[in-house]
């Protein structure tokens, strides 16, 4: 079935439109995520557990959209027959699955990271140590590679279907019932964990902000800035988690309402072709592209670099150097801040800036 769908189908004008949509969306996502992955370690604010997890997430997203922008989209647009062979397409499809798993598992860990820092702020640094973060990163990569190779062992390989504009499993020899339930239950677990964790996190942050509004007059400038950063970051994590939930729901459930035939002739006439593509392949690509866009929107440090690309690293981090007044204020309110700060352990760098560091928002 796959050989008919891949190699014996001529590319039409409508196929090239889909290829352009895939390319431009993937390229934007690649630019944003690559910028984040390379630049994040230069920010002292993100030299911590969260920064390392965010870097892994951005790297996975960048490689994922890179494959779509510079392999699948050109193959579809230019109808490159030599690159449509299963031996080549299956390897790139396998790489996409690995990067997708890395991204989604990293999102789960980051959501749990936010949850712990929100409900157990005093224990956060003892839990998310440098060693434990390294263990989590290695585990995410290992599990992602393991699931991909499990599919290969079960003779379940994926290739790009030109008529359907999506990745298809080669069946036979792949037993689709096994793949469906593996993907179905994994998707169900991920959706549940995303929804529950992010709901608790967002509700807790909302309650915290309402409580703080009654005591705003007693907050120092440092505490107000820090709370603003904490609020924006919870909004970022909630937004990214919500997008992944929507993508999983559309891919595994809503798209079933728009079935498409397998035969190329009937598929070309099907009115469900575009809805199925937008709910599956494009939603899959879009969520990885928007990951980087959302991170840039909610983090002023990254936007400052985009506005001033020639500005030195010292100039960008100058606001993090504590003044005499900020050190005096911090020492005076240190005990109160330890009690009231919910996510400070995430946003305050463990570098030599210390507790007096000024959060640049």
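Heads up, the Cβ atoms here are built off N, Cα and C, so glycines get one too.
As given in Swiss-Prot:
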TRANSMEM  20-40  transmembrane segment
TRANSMEM  58-78  transmembrane segment
TRANSMEM  92-112  transmembrane segment
TRANSMEM  133-153  transmembrane segment
TRANSMEM  176-196  transmembrane segment
TRANSMEM  242-262  transmembrane segment
TRANSMEM  278-298  transmembrane segment
CARBOHYD  317  N-linked glycosylation site
Between the transmembrane segment (278-298) and the transmembrane segment (176-196), are there at least three Cβ pairs closer than 8 Å, leaving out pairs fewer than 6 positions apart?
no
Excluding the flanking five residues on each side, which residues at least 6 beyond the ends of the transmembrane segment (242-262) place their CB within less than 8 Å of a CB in that stretch?
1, 5, 104, 107, 164, 183-184, 187, 190-191, 194-195, 198, 270, 272-273, 275-276, 279-280, 283-284, 286-287, 290-291, 294
